[in-house]
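Visitor: Quick one: the structure is below, questions incoming.
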Amino acid sequence: MKAYQREFIEFALERQVLRFGEFTLKSGRISPYFFNAGLFNTGRDLARLGRFYAAALVDSGIDYDLLFGPAYKGIPIATTTAVALCEHHNIDIPYCFNRKEKKDHGEGGSLVGSELKGRVMLVDDVITAGTAIRESMEIIEAHQAQLAGVLIALDRQEKGKGELSAIQEVERDFGCGIVAIIKLADLISYLSEKPRMEAQLAAVSQYREQYGIEA
């Protein structure tokens, strides 16, 4: 685990974005942890968040031409990532995002920001069912652009209805790389270093045994 990944886990815990307990997911599963990126909700939070996304993206080595933030959660994430890439890595990358409702006045259209073209890095918080990715792909393909990859905060490394995770299904269906700041394996590694979090480690490890994908 790299330093920025450890720092991100601590940041998420500090802001209560990452919590431990018993949480019922949309799938009906009872998860021992929950990640809610919507709680990164101040200017300082977003500035720090962008630095972690930028670090993971640079670390990935994937080539891309533009950041795309799907409405709504992806919009501030793509924006702060673009700023962090410029300020901390001297990489000036265009970005754009979509509107849920198309405008018929002013500049019109369903996209805001740079022209959607070339190799697109889609930026979001997490992938659960992959539905948002598939919706975004319709927009990307409609503009004759290509999906270079998907950048998210957390990969739960968890099976969907079959043996694959939602992320693995996206990789299979669209042939793109998925970049996550942290994976469940990183979280377990972090917990194993903290004696006071032994109970959380046991619960998360048991959950992975039951629902985790094969490495």
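Every residue, even glycine, has its Cβ placed from backbone N, Cα and C.
Pasting the relevant annotations from Swiss-Prot:
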BINDING   Lys26, 72-73, 99-100, Lys103, His105, 124-132  5-phospho-alpha-D-ribose 1-diphosphate binding site
BINDING   Phe34, Phe35, Thr128, Arg156  orotate binding site
Visitor: Which ones in the same chain are close to Arg156 (orotate binding site), with CB under 8 Å and 6+ residues apart in sequence?
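Guide: Expected: Phe35, Val126, Ser165, Leu184.
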Visitor: Quick one: pull the CA-CA distance for Thr131 (5-phospho-alpha-D-ribose 1-diphosphate binding site) versus Phe34 (orotate binding site), whole Å only.
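Guide: Checking the Cα atoms of Thr131 (5-phospho-alpha-D-ribose 1-diphosphate binding site) and Phe34 (orotate binding site) gives a distance of 20 Å.
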Visitor: Determine which residues of the same chain, besides Phe34, Phe35, Thr128, Arg156, have their CB within 8 A of the center of the CB atoms at the recorded orotate site, and list them by sequence.
Guide: Leu25, Ser31, Tyr33, Val126, Leu154
Visitor: Would you measure the largest Cα separation among Phe34, Phe35, Thr128, Arg156 for the orotate site and round it to whole Å?
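Guide: Largest pairwise Cα separation, rounded: 12 Å.
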Visitor: Cα-Cα, whole number of Å: Lys26 (5-phospho-alpha-D-ribose 1-diphosphate binding site) versus Phe34 (orotate binding site)?
Guide: 12
Visitor: Could you state the CA-to-CA distance between Asp125 (5-phospho-alpha-D-ribose 1-diphosphate binding site) and Phe34 (orotate binding site) to the nearest Å?
Guide: 13
Visitor: Roughly how many Å lie between the Cα atoms of Lys100 (5-phospho-alpha-D-ribose 1-diphosphate binding site) and Thr128 (orotate binding site), rounded to a whole value?
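Guide: With distance taken Cα to Cα, Thr128 (orotate binding site) is 20 Å from Lys100 (5-phospho-alpha-D-ribose 1-diphosphate binding site).
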Visitor: Cα of Phe34 (orotate binding site) to Cα of Lys73 (5-phospho-alpha-D-ribose 1-diphosphate binding site): how many Å, rounded?
Guide: 17
Visitor: I'd like the Cβ neighbour count for Lys73 (5-phospho-alpha-D-ribose 1-diphosphate binding site), meaning other Cβ atoms within 10 Å of its Cβ, all protein chains included.
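Guide: So the Cβ neighbour count for Lys73 (5-phospho-alpha-D-ribose 1-diphosphate binding site) comes to 16.
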Visitor: Sort out the sequence-distant neighbours of Thr128 (orotate binding site) for me: same chain, 6+ apart, CB within less than 8 Å of its CB, listed by position.
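Guide: Listed in sequence order, they are Lys26, Ala166.
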Visitor: Just jot down the residues in the same chain as Ile127 (5-phospho-alpha-D-ribose 1-diphosphate binding site), at least 6 apart in sequence, with C-beta under 8 A of its C-beta; none if empty.
Guide: Ile133, Val150, Ile152, Asp155, Ala166, Ile167, Val170, Ile178
Visitor: Including all protein chains shown, what's the count of other C-beta atoms within 10 A of the C-beta of Asp125 (5-phospho-alpha-D-ribose 1-diphosphate binding site)?
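Guide: By my count, 20.
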